[in-house]
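Quick notes on the structure that follows.
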Amino acid sequence: MTDTPRIGFAGTPDFAVPALEQLVEGGYPPVVVLTQPDRPAGRGRKPRPSPVKQCAQRHGLPVQQWARLDAEARQALAALQLDLLVVVAYGLILPTAVLALPRRGCVNIHASLLPRWRGAAPIQRAMLAGDADTGVCLMQMEAGLDTGPVLARGATPIHRSDTGASLHDRLAAMGAGLLMENLPAILDGSLEAEPQDSDGVTYASKLDKVEALVDWQRDAESIRRQIAAFNPWPVAQTTWQGGALRLWQADALADGDGDAAPGTVLAADADGIIIQCGRGRLRVLELQPPNGRPMGVAAFLNGRSLTPGVRLG
């Protein structure tokens, strides 16, 4: 190996940026950064570079935006003679031929405690399931979906105050730190990977907007988790006055059930909007009216009528 390791980086969204930043700051600037092509975004639908591309450009790193890793892309990667490829939420499946190119293979930062929550949306699935803990794994990649042996892992509690956004940011930082802590041992081949346990495998399917619709027949705690997990996307919602009422923050109340039908507003004041659920009650603290912006309950009720007895959904 040369004095300066030839590391490549493959990633696309915000989750991957801390790892790329730390590689640069730690003295391991990638010789190439792979990221997805620019996508139309915003009202004007103008092509927008990925967060990883923007980060790479700030540091003057070479960027490749292949739409697929075809023979031409594989040939270009082979010519780079990489020692290691670090992959973080890249968004393209790496063919076996690509996985075999770097001298030390490809390592992936995955946002769960494998083998639990393999797949596309591990952060939100862990929150929705009510897991007490989650974490990040540094995994040696192989052909299967998140099936590779684990090089290192780190855990964190899921707090009741967590949202999908806060947990995303914490795990992104943890993953970057885990990578830098173990990178020298990965490069010199001294870090041994442990095969994943065949027991406890679960899959984190991609989020779908239809999952954002609140079913008031469910218990208050599961709805609270839905609201937390889907903040900031796709944002839990119910229907009110013929439009979508988005729910950004809520608490599940411990006191008992009433006789009202699920989805019924029981109280509405500056302290929260209390809604009957299939079991328990939910107190909404932040919400977004149709065609409006997110706001606290006091601001929402200023000029809007949401009285006890109104049914949502």
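These residue numbers are counts, starting from 1, taken along the chain as shown.
Glycine too: its Cβ is placed from the backbone N, Cα and C atoms.
Residues annotated as (6S)-5,6,7,8-tetrahydrofolate binding site in TrEMBL: Ser112, Leu113, Leu114, Pro115. Note: Leu113 ((6S)-5,6,7,8-tetrahydrofolate binding site) has non-local neighbours Asp133, Thr134, Gly135, Cys137, Arg153, Ala155, i.e. same-chain residues 6+ apart with C-beta under 8 A of its own C-beta. DSSP assigns Leu113 ((6S)-5,6,7,8-tetrahydrofolate binding site) to coil in the three-state reduction, placing it in neither a helix nor a strand.
Feature annotation from TrEMBL assigns domain 'Formyl transferase N-terminal' to 10-181.
If you look up TrEMBL, you'll see 206-304 marked as domain 'Formyl transferase C-terminal'. Per-residue pLDDT, averaged along the domain 'Formyl transferase C-terminal' (206-304), amounts to 95 for this model.
In the domain 'Formyl transferase C-terminal' (206-304), helix, strand and coil residues by DSSP number 19 helix, 40 strand, 40 coil. Note: the (6S)-5,6,7,8-tetrahydrofolate site is recorded as Ser112, Leu113, Leu114, Pro115; in the same chain, His110, Arg116, Trp117, Arg118, Pro122, Gly135, Cys137, Asp146, Val150, Arg153, Gln196, Gly200 also have Cβ atoms within 8 Å of that site's Cβ centroid.
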